[in-house]
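Pulled from TrEMBL, these are the features on record:
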- Gly39, Gly40, His41, Asp59, Phe85, Asp107, Gln114: S-adenosyl-L-methionine binding site (BINDING)
Amino acid sequence: MRFQLNKVFEHQSVLPNECLAALQLKPGGCYVDATFGRGGHTALILGALDDSATVIAFDQDKEAIRYGQQRFEKESRLSLVHDNFSQMSQYLNQHGVYGAVDGILMDIGVSSPQLDDAERGFSFMRDGPLDMRMDQRKAQSAFDYLSNISEKELHHILEVYGEERYARRIAKGIVQSVKDNRLKNSTLSLVEIIEASGAKRDKHKHAATRTFQAIRIAVNREVEVLEQGLYSGLQSLAIGGRLVVLSFHGLEHRIVKAFIREYRQKDGDIVLKQIGKAQGVSWHERKQNPRSRSAFIRVMERVK
Ligand SMILES: C[S@@+](CC[C@H](N)C(=O)[O-])C[C@H]1O[C@@H](n2cnc3c(N)ncnc32)[C@H](O)[C@@H]1O
């Protein structure tokens, strides 16, 4: 079921068996799903736990939380928290489980419902408002962001967050279109401007893919909150607890790798070890769920 008309959108959970195995679930344990989405991973976790277990799930998107409240209406072991995972340790501290969490899953990035609902503004395939906010309470949409950015800053963002080869010409095209009032509050208006600036397709990628990714990362401050979220998660674990992270593109992979390098130092106050190597998605899963194709799972354990 995936259609625009009555807004039913689904999300297929990535690497489900691998995530469950990596968490090494204890039946009565305390677990955190930092990125609830449509609750696919949460449901699997709950299914492997007994009645004494606790699961706390975060999402900054009010649609995800609303969906979760309906789907898990009768599930007393689950608490749904409408907040950014960068705030995880504060919440867990207030609820008496800071330093006592047995496992945390972070499946970062956007969900299929966010991508598929044109009204959210993440899609360059369907027209919608140029929004891209995962957290609808935040003030600045993608349109506001682009309306106030300098060419130099946008060039940098497109290069670093989008790894976009044509960053210079796209930045120039967008900033000029803002000055000329040609950029409308519409995703397809932005696509037109990107194409007119001379950006080209990249192998199988649409010419707008990397620019949309970069703007989405900037609007949601994804780099900062991922760094904070990883640290917040590690701090919240019990010794021996697991932090399992799914990342989806080069920038995210690099942030997770740098985090692992930093916290595996033996002389720090908080220390982790990496369990196994990063693992990608099988040919079979990629074929059945193309959006999973660039995913990697990394597993860490808190040792100090
Ligand atoms: C890839 S989806 C998760 C899908 C989920 N694992 C499932 O099986 O249904 C990512 C979700 O995390 C949320 N999210 C992304 N970054 C977040 C953050 N910093 N804090 C809280 N939620 C976040 C998004 O709103 C989205 O709903």
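Using N, Cα and C of the backbone, Cβ positions are placed for all residues, glycine too.
Annotation note: Asp107 (S-adenosyl-L-methionine binding site) sits in a strand segment as assigned by DSSP.
The DSSP secondary structure for Gly39 (S-adenosyl-L-methionine binding site) is coil. Residues Gly39, Gly40, His41, Asp59, Phe85, Asp107, Gln114 are recorded as binding S-adenosyl-L-methionine; their most distant pair of Cα atoms lies 18 Å apart. Around the Cβ of Phe85 (S-adenosyl-L-methionine binding site), 26 further Cβ atoms fall within 10 Å across all displayed protein chains. Taken residue by residue with DSSP, Gln114 (S-adenosyl-L-methionine binding site) is part of a helix.
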